[in-house]
Amino acid sequence: MATGRSHRPATRSRGIPEATVARLPLYLRALTALSERSVPTVSSEELAAAAGVNSAKLRKDFSYLGSYGTRGVGYDVEYLVYQISRELGLTQDWPVVIVGIGNLGAALANYGGFASRGFRVAALLDADPALAGRLVAGLPVRHIDELESIVADNQVSIGVIATPAGAAQEVTDRLVAAGVTSILNFAPTVLTVPDGVDVRKVDLSIELQILAFHEQRKAGEDRQDPDGDVPAVMPA
Ligand SMILES: NC(=O)c1ccc[n+]([C@@H]2O[C@H](COP(=O)([O-])OP(=O)(O)OC[C@H]3O[C@@H](n4cnc5c(N)ncnc54)[C@H](O)[C@@H]3O)[C@@H](O)[C@H]2O)c1
């Protein structure tokens with residue numbers, strides 16, 4: 001049994017490093033904005049700045065895609081959008097189920113950005129019988145008992161978990177047994193999954209804690225005296 005991605009290799013089967021894969025959505029977001037403004041080409045420096053990535057890293061990342069740009073012209077925006085989308089598997093429609101339709105699950109269901117990025121919400125599932133049949137974002141909430149048949153009928157391979165932490169492992173086990181092989185987990189708990197199942201975790205409170213750490217450091221720097229590196233007020 002593997003926990004999360006810990007036993008996964010650092011590179012994917014076609015030799016693209018995982019860190020590059022993680023940056024592809026950033027490039028795609030920046031390129032999509034350029035495409036919407038009908039910008040035909042972009043330099044590596046401009047695109048790197050728009051994606052918040054170092055330009056040498058960007059050129060290296062694109063070399064894995066076999067995309068080198070044209071000297072003095074840059075990269076063809078539309079072709080790169082296609083190439084990255086194809087690499088990420090976004091040129092096909094991925095059916096997704098969301099489990100736990102409370103505050104967060106309903107907000108995710110209402111997010112319009114999935115469809116335009118290659119994801120289709122196939123079903124919304126919840127254990128609360130009082131929610132069954134209620135329309136959220138135009139879809140009826142289905143009871144969790146229907147999970148297995150919904151996953152099979154819609155060939156769902158991606159599940160989004162927005163249940164309380166205490167229910168997340170049980171929901172994961174059911175999703176995996178039904179055939180789901182990728183899980184996006186919003187519940188604040190570590191999930192155990194078999195090899196071959198990918199888990200990505202989203203935790204806004206962790207991101208905020210990291211920002212709090214940096215805020216604290218910045219405040220500490222402000223308190224340092226101007227010609228020394230000893231803080232005027234020692235942290236507790
Ligand atoms: N990752 C983040 O940044 C982030 C942000 C907000 C909330 N959360 C987490 O997301 C989860 C949901 O938060 P919320 O505010 O929407 O909670 P909520 O209480 O509003 O909703 C939870 C829903 O899950 C359902 N549920 C409970 N057990 C279930 C089961 N076994 N199968 C299916 N559905 C089940 C409940 O009926 C309820 O509708 C929590 O774990 C919370 O900590 C994470």
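Residue numbering: from 1, along the chain as shown.
Backbone N, Cα and C define each Cβ position, glycine as well.
Remember, TrEMBL labels are computer predictions, not curated facts.
The annotation DNA-binding region is assigned in TrEMBL to 26-65. Here TrEMBL flags 89-190 as domain 'CoA-binding'. Look at TrEMBL and you will find G100, I101, G102, N103, L104, G105 tagged as NAD(+) binding site. Marked as region 'Disordered' by TrEMBL: 217-236. According to TrEMBL, the compositional bias 'Basic and acidic residues' annotation covers 217-226.
In the three-state DSSP scheme, G100 (NAD(+) binding site) falls into the coil class. If you draw a 10 Å sphere around the CB of G105 (NAD(+) binding site), it holds 23 other CB atoms from the protein chains shown.
In sequence order, I98, A106, A107, L108, D126, A162, T163 are the residues of the same chain, not among G100, I101, G102, N103, L104, G105, whose CB sits within 8 A of the CB centroid for the NAD(+) site.
Residue counts for the DNA-binding region (26-65) under DSSP, helix first, then strand, then coil, are 29 helix, 2 strand, 9 coil. Each of the binding-site residues G100, G102 was assessed for Cβ neighbours inside 10 Å, and the highest tally belongs to G100. Across the domain 'CoA-binding' (89-190), the DSSP tally of helix, strand and coil residues reads 40 helix, 29 strand, 33 coil. Comparing Cβ neighbour counts within 10 Å across the binding-site residues I101, L104, the minimum falls on L104. Counting every protein chain shown, the Cβ of N103 (NAD(+) binding site) has 9 other Cβ atoms within 10 Å.
Note on the domain 'CoA-binding' (89-190): mean pLDDT across this stretch is 95.
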